[in-house]
Amino acid sequence: MRRIAVLTSGGDAPGMNAAIRAVVRYSIYKGLQIFGIERGYKGLIEGDLKEMLIPSVGDIIHRGGTMLRSARCLEFMEEEGKKRALNILDVFKIDGLVVIGGDGTFRGAKTLCDAGFPVIGVPGTIDNDLAYTDYTIGFDTALNTVLDAVSKLRDTTSSHERVSIIEVMGRNCGDIALYTGLGGGAEEILVPETKHDIDNICKKILLSANRGKTQSIIMVAEGVGSANDICAQIHEKTGLDVRATILGHIQRGGSPTAKDRILASQFAAHAVQCLLDGKSSRVVGIRENKIIDMDITEALDMKSKFNESMYELTKILSI
Ligand code: ATP
C-alpha cells in the first residue's frame, strides 16, 4: 500500500471535512501518498484526482459540507462506469480507496471490492440509517440543528397556542425525528419504523389542549409522508390551529459538533489503518463506544436498529 485515494459521495454531511483531513494527515504520517477525488464516483470515472498535501486540508475541520464536493453518479452504477473507475485507479497507480458516504456510496464501494480493488467505507450521512453502526458522521450536528429550530418554533407555537408539525430528513430512517423528538420534548413522533393512528394522535392533542397545554410539537420523519398532509388531517379532525414546517436542507449544513469532528477523525484514521493492515471490503463504525470495522456485505445486509425503548420513553414523557 503506497498510494491511496479518498472521495466523498451521496448527500453531504457536517464532519466530512474532518474525515478528509484525518485521512490525508494520517496517510502522510504513515508515509503514504494520498489523492483526493473530486465529486465522488463522478470524479473517479472522469479522472478528477489531485494529490493532497498536509496544507491541503488546513482550516477545514470546522467547516460543514465537503471540500472534495459530492455528486450522484448514475454512470458508475453501470458495468461500463465501474470499468472506467478501475482503469483510472490503475492509471493513477492507486492501491486503496477510502469512500465517505451513506448506503448508496457503500453499495458502489462494494462493486469495486467485488472486482478485487481494496476499499474501506466511512459512514458519512446525517440520516444515521446504517444499521451496523450506532452513529454516522453528521447525525449529531443535524440533531443540534433540528433542536435549535424546534426551540425557536416552540416560542411561536406556545404564543399562538398552536400545534406544530415539524418534518425532518432521514429517508426511510426515523432516527432524526426520534432523537430530536425526545430531546425537543415532542408530544408525538411519526417514524417509518412504526405505524401511527391519526385519530389517536388527535384525541391526545385535544385532551392535552383541554388540560391547558398551550402547544403541541409533532416530529415527522420524511419517510412517513408529507407534513403538510398530516397538518391538514389534524386541523380537519381537531379544529385546532396547526402549522407545518419542513426543515429541509438546512439540516445538512453548519459547523460540525465536537462529537462529529471527533468521530470523523477516529473513523478516518481507522479506515486508513485498515488499508495498511491489508484489509478490504470493510466499513468502519462505532458500537458501544468502540471504533469497529466489519465486512461491507454483512453491514449492508443488517436490518434497522430502531431504538424502541427511546420511542417508548418519548411517549411516557409526553403524557
Ligand atoms: P445519503 O444517504 O446521505 O444520501 P448515499 O451514499 O446513500 O448518501 P446515494 O445517492 O444513494 O447516496 O449514493 C451515492 C452514489 O453511489 C450514487 O450516485 C452512485 O454513483 C453510487 N451507488 C449507489 N448505489 C449503487 C449501486 N447499487 N451500485 C453501484 N453504485 C452505486
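Placement of Cβ uses the backbone N, Cα and C atoms for every residue, glycine included.
TrEMBL labels come from automatic prediction, so no person has curated them.
What TrEMBL records for 3-275 is domain 'Phosphofructokinase'. Residues or ranges marked as ATP binding site by TrEMBL: Gly11, Arg72, Cys73, Gly102, Asp103, Gly104, Thr105. Residues or ranges marked as ADP binding site in TrEMBL: Arg21, Ala22, Val23, Val24, Arg25, Arg154, Gly185, Ala186, Glu187, Arg211, Lys213, Thr214, Gln215. According to TrEMBL, the Mg(2+) binding site annotation covers Asp103. The substrate binding site annotation in TrEMBL covers Thr125, Ile126, Asp127, Arg162, Met169, Gly170, Arg171, Glu222, Arg243, His249, Ile250, Gln251, Arg252. As annotated by TrEMBL, active site, proton acceptor applies to Asp127.
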Thr105 (ATP binding site) and Val23 (ADP binding site), distance between Cα atoms, whole Å: 17
Per-residue Cβ crowding (10 Å cut-off), top of binding-site residues Asp103, Asp127, Glu187: Asp127
Gly11, Arg72, Cys73, Gly102, Asp103, Gly104, Thr105 excluded, remaining Cβ within 8 Å of their centroid (ATP): Ser9, Gly10, Gly40, Gly101, Gly108, Thr125
Cβ neighbours within the same chain of Gln215 (ADP binding site) - under 8 Å, at least six residues apart: Arg154, Thr157, Ser158, Glu161, Arg162, Val163, Ser164
Position of peak Cβ density within 10 Å, selected from the binding-site residues Arg21, Arg25, Arg171, Lys213, Arg252: Arg21
Mapped DSSP class for Gly104 (ATP binding site), helix or strand or coil: helix
Residues among the binding-site residues Gln215, Ile250, Arg252 that border ligand 1 - Cβ under 6 angstroms, in sequence order: none
Candidate with the highest Cβ count within 10 Å, taken from the binding-site residues Val23, Cys73, Met169, Ile250: Val23
Integer average pLDDT (0 to 100) for the domain 'Phosphofructokinase' (3-275): 96
Candidates Gly11, Arg72, Gly102, Gly185 (binding-site residues) with Cα within 10 Å of Thr125 (substrate binding site): Gly11, Gly102
Nearest of the binding-site residues (Cys73, Asp127, Met169, Arg171, Ile250) to Glu187 (ADP binding site), judged by Cα-Cα distance: Met169
Gly185 (ADP binding site) and Arg72 (ATP binding site), Cα-Cα, nearest whole angstrom: 36
Rounded inter-Cα distance in Å - Thr105 (ATP binding site), Arg171 (substrate binding site): 15
Long-range Cβ environment of Gly102 (ATP binding site), under 8 Å and at least 6 residues apart: Gly10, Gly11, Pro123, Gly124, Thr125, Asp127, Asp129, Leu130, Thr136
Surrounding CB atoms that lie within 10 Å of the CB of Gly11 (ATP binding site), all protein chains: 21
